[in-house]
Amino acid sequence: MGGAVVDEGPTGIKAPDGGWGWAVLFGCFVITGFSYAFPKAVSVFFKELMREFGIGYSDTAWISSILLAMLYGTGPLCSVCVNRFGCRPVMLTGGLLASLGMVAASFCRSIIQLYLTTGVITGLGLALNFQPSLIMLNRYFNKRRPMANGLAAAGSPVFLCALSPLGQLLQDHYGWRGGFLILGGLLLNCCVCAALMRPLEAPRPGSGPAPQRPSRRLLDLSVFRDRGFVIYAMAASIMVLGLFVPPVFVVSYAKDLGVPDTQAAFLLTVLGFVDIFARPTAGFITGLKKVRPYSVYLFSFSMFFNGFTDLTGSTASDYGGLVVFCIFFGISYGMVGALQFEVLMAIVGTQKFSSAIGLVLLLEAIAVLIGPPSGGKLLDATHVYQYVFVLAGAEVLASSLVLVLGNFCIRRRPEAAVEEEERHKPPADVRVDSREVEHFLKAEPEKNGEVVHTPETSV
């Protein structure tokens, strides 16, 4: 696709790792909170929508499903928009769309109109905010990027704990129409966050013309040539099949065990509270000098931990067991949330991240639409919640194995290449100036097929 001049950080500019980056981090925290918590927060209005429109729960549940599908499935579209127009204009447009969708929803007269306004328009607006905010965070932080990712990811549980009670309060006082209208006003804060996303500028030289930025593809599909990206995308897609299943079914699981409704709902509060602290803690640990080179393995461990927690949670037979499960699930879930985009940034780098994240989100969108419904079908067929948790755990465990084994194979490949070169080594009588060869390889490594793998980026 054609190149475009955008507000990308100029090639070679050093990430400030602070300064205005803290404002960017705050904006990313708010955007992440709205993007992930909003589809769950609107569920508090579902019962009133069912009464007004005479529909079932499955009909209203499509609102959240469409929101999530737009957030994940429009990843490539967001990548094209960012690479064409830049992060700040795209986020400003997204904030307006997100607000407009909720305001328009307050005047809807049918559930189909709600699908279009709350689902499609607001979902697209949130997507146009979420992805560019992560791209800007990647440009402003390098050494402190793991910690920044962890703090930004903490916005999801914080906003979930705040928006759900707020939605219930708005419904009690103003009804669902008034609640949607006020939430639409709150989403205008996305435009404020967009204004914080100031593009980085390279210092101008004292004389001569300013350096030109290289043209960029609107959607760089060359990331699929990177074996590390392909393995990451495969692992992430398998992981998402089971990652979101336990939070969907844990409350119903508790009710099936005879737990009162209020205590069952408290399980999600426990999970969210632990998640708030797990994400920044995981980011801080990953940012340590001795740990960061092994962030891929830490991400693989977090997936293994999450899958193992699902398997052990399937053995819970009382409320206390489910509370313990939610505590450990919150820890592992927070680790995954803090590390998933940090590892992707380390694999593809700043220049290709805008395209890579869009393509990964598109693949995850397919898995999001398959995972929870497949768990529901298994539950309908067996009426045993334990099987649902075992299935989810097996899927997440499989993703961790794909990631760690794929990374191991990639790191072994350079050794095989060295052996192959030894077998095809030229005769000893052919003399070549070693200094000349060294200079040639250092000057143009890419043209000579050199692939450098470090522990941090080799996945």
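Including glycine, each Cβ sits where the backbone N, Cα and C put it.
Look at TrEMBL and you will find 21-411 tagged as domain 'Major facilitator superfamily (MFS) profile'. Under the heading transmembrane segment, TrEMBL lists 20-39, 60-85, 97-130, 151-170, 176-197, 229-252, 264-282, 294-313, 319-341, 353-372, 384-405.
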Top Cβ-contact partner of the transmembrane segment (319-341) among 20-39, 97-130, 151-170, 176-197, 353-372 (pairs under 8 Å): 151-170
Leading contact stretch, 20-39, 151-170, 229-252, 264-282 vs the transmembrane segment (176-197) - CB distance under 8 Å: 20-39
Beyond the flanks of the transmembrane segment (60-85) by 6 or more, those residues with Cβ under 8 Å of it: 1, 4, 6, 8, 35, 38-40, 42-43, 46, 49-50, 111, 114-115, 118-120, 122-124, 126-128, 130-132, 135, 216-220, 354-355, 357-362, 364-365, 368-369
Candidate ranges 97-130, 151-170, 264-282, 294-313, 353-372 - greatest C-beta contact count to the transmembrane segment (229-252) (under 8 angstroms): 353-372
Top partner of the transmembrane segment (20-39) among 97-130, 151-170, 264-282, 294-313, 384-405 - counted as Cβ pairs under 8 Å: 151-170
Overall pLDDT of the domain 'Major facilitator superfamily (MFS) profile' (21-411), taken as the mean: 86
Dominant neighbour of the transmembrane segment (384-405) in 97-130, 264-282, 294-313, 353-372, by Cβ pairs under 8 Å: 294-313
Whether the transmembrane segment (151-170) meets the transmembrane segment (97-130): three or more C-beta pairs under 8 angstroms: no
